Amino acid sequence: MRFGALVCRHFWSKNINETACIESFALLKRHGKSGRHYHTRLVVVVCHFAQLEAVTPVFFFLLLFIVHSIFLYYGCGTLVVLEQNEAGIVLLRSFDWNDGLFDVTWSENNEHVLITSSGDGSLQIWDTAKTTGPLQVYKEHTQEAYSVDWSQTRGEQLVVSGSWDQTAKLWDPAVGKSLCTFKGHEGVIYSTIWSPHIPGCFASASGDQTLRVWDVKAPGVKLVIPAHQAEILSCDWCKYDENLLVTGAVDCSLKGWDLRNVRQPVFVLLGHTYAIRRVKFSPFHATLLASCSYDFTVRFWDFSKPNPLLETVEHHTEFTCGLDLSLHNCGQYVECERGPRTKFSVLIWRCI
């Protein structure tokens, strides 16, 4: 079971260490309701130059660090497991990798197992209950493995990865090699995400300005949507409608797509002034979604309303890079920021 993923990109991370991570997450004690505590495990993946953050609170918080638009990477990546309990946040486990870690996804049937993707093109399987790792390494991508996602549909133990080599690969963690390679994108793949509704179906977003839908049982792409006239950095599937996806792009717009008719978007949301880094549908409301951008803001939208922008959160002083919505507490979300003048910070808030 998984909460989701808060993804954060930023450019400056040379001075991050485990102590700084733990200190920054003191803010995670904010639960929105006084006196309530949740036993939560937090995983932080630190790349000493390039970083992405992802948060996953079911029983876990997950953070990972990556970079966008920087093509030289220095140092290694560190996977840090922090446990949050009534006493605070403590370091549970730490693992090092010899290249930057870009993305992470939890196993859907084992709370200790996760997969990371890295700048050397490989995927690593880790067991947080063990002191050493990784358990396995899969190396097939020829460039950075930029995204990875574990299928959420029952009966499947499939993982999809997306790479800067313009391919997506299908994996069964029990098999030592990829099951299939999906080709068709003409640019970097930034995001791969499984459908929460349709077994064997996933979407990918790319720098070639397209959103593509794939079926693992078919050899080629199922659907190609020329979604934007700019690089697409993020996509997400509606939790209530198997035909609805949203994309966020460098052109500052969010667009909704009905897979039954992709001639025009079903909605276009404007308001951000810089590239949209992350977009997530609400797990509680079919028409609500949230986005974060390099314009330092987090915005909440209801695309069913004439005036869809519900709220703009502007308390950040650096790039607003990561965002996720709680599966358990309606109106609770977590966000993060990163910039040259501050260490990264993560905050949990109550919202609309």
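Backbone N, Cα and C atoms are what each Cβ position is placed from, and that goes for glycine too.
Look at TrEMBL and you will find 58-82 tagged as transmembrane segment.
Annotated repeat 'WD' per TrEMBL: 104-127 (among others), in sequence order.
For 138-172 (among others), the entry in TrEMBL reads repeat 'WD'. Sequence-distant contacts of the repeat 'WD' (138-172), counting only residues of its own chain at least 6 positions beyond either end whose CB sits under 8 Å from a CB of the stretch, comprise 2, 66, 102-109, 115-125, 178-183, 185-200, 202, 204, 206, 208, 214, 216.
For 182-217 (among others), the entry in TrEMBL reads repeat 'WD'. Across the repeat 'WD' (182-217), the model assigns an average pLDDT of 96.
Residue counts of the repeat 'WD' (225-261) by helix, strand and coil are 0 helix, 19 strand, 18 coil (DSSP-based). Per TrEMBL, repeat 'WD' is recorded for 225-261 (among others).
TrEMBL lists 269-311 (among others) with the feature repeat 'WD'. Sorting each residue of the repeat 'WD' (269-311) by its DSSP state yields 0 helix, 21 strand, 22 coil.
Proximity of distant same-chain residues to the repeat 'WD' (225-261), defined by a Cβ-Cβ separation under 8 Å and at least 6 residues beyond the stretch ends, is recorded for 7, 68, 187-188, 190-191, 193-198, 203-207, 209-213, 267-283, 286, 289, 291, 293, 295, 301, 303.
Residue counts for the repeat 'WD' (182-217) under DSSP, split into helix (H, G, I), strand (E, B) and coil, are 0 helix, 19 strand, 17 coil.
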